[in-house]
């Protein structure tokens, strides 16, 4: 009898982001899905899994979606996505999240190493740069199999704001965002184009500065508007794009949080940089040319991430 080896994606955290990601992945039929929640939130995981399954006949997908509170159910996953953690509240800085979420991520990474030792881990828990570093250290996985995701999201916000300003299709806006996920992120203005035309030729420097600042505050803007909770549609879609690049070995050039060993003058830090994403995970880190001002801003961002990282104790 022919046995089909189906791909498996486990999502730890069945909240807004985890549930939305599961729904997107189910529609795309990228693999079987397991939604994991805490014991006291069993109904959330199972309820969302069932709700997604029941949309299958309408959307036309046959994806298996399973909700569980048993971490053992991630066994043999190809990809494990970590969205679990306390949510960011209005007025809360990313750094204030770090102590509680570090413990959650550390414990989860150890469990992943036990039950899915050959998986690729994608981290979304905030503050995501430091949580990616935590997952890297705790899991013992090789660096190419630990991916933090914020750059796709930040670049999407940046591109959206530019498209709105120019009243053009966002499909024609190409831009990259490097650095930490927060107030020190660095949109590469000199590398931003609208269908090949440099953005500086179309938007004033003052307006570009406003767009950059809005991009940096993009997460906080959503938090303030919602009043409770944080963004989840765009973050979930960013994770989907990463998973699609891995499973289909697309060799996509995508901004990701990667462990650096000298790239961009940074070492022993997880940080947002351009990466090639394929079947092995982060297959290459791309170093782009930048002027002195951009380089100094990037170093400032790295220092901010390092300060949060250094407040924790890693063995």
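In case you wondered, yes, glycine gets a Cβ from its N, Cα and C as well.
Per Swiss-Prot, these features apply:
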type: BINDING; residues: 13, 14, 15, 16, 17, 18, 101, 124, 125, 126; note: NAD(+) binding site
type: BINDING; residues: 88, 94, 126, 157; note: substrate binding site
type: ACT_SITE; residues: 181; note: active site, proton acceptor
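The 10 Å shell around the Cβ of residue 157 (substrate binding site) contains 24 further Cβ atoms across the protein chains shown. Contacts of residue 15 (NAD(+) binding site) defined by a Cβ separation under 8 A and a same-chain sequence distance of 6+ are given as 44, 83, 87, 232, in order along the sequence. Taking only the Cα positions, the spacing between residue 101 (NAD(+) binding site) and residue 157 (substrate binding site) is 25 angstrom.
When the Cα positions of 13, 14, 15, 16, 17, 18, 101, 124, 125, 126 are compared pair by pair, the longest gap among these NAD(+)-binding residues is 17 Å. The Cβ of residue 13 (NAD(+) binding site) lies under 8 Å from the Cβ of 36, 37, 82, 83, 84, 85, 125, each of these being in the same chain and 6 or more residues away along the sequence.
The binding-site residues shown are 17, 126, 157; of these, the one with its CA atom nearest the CA of residue 181 (active site, proton acceptor) is 126.
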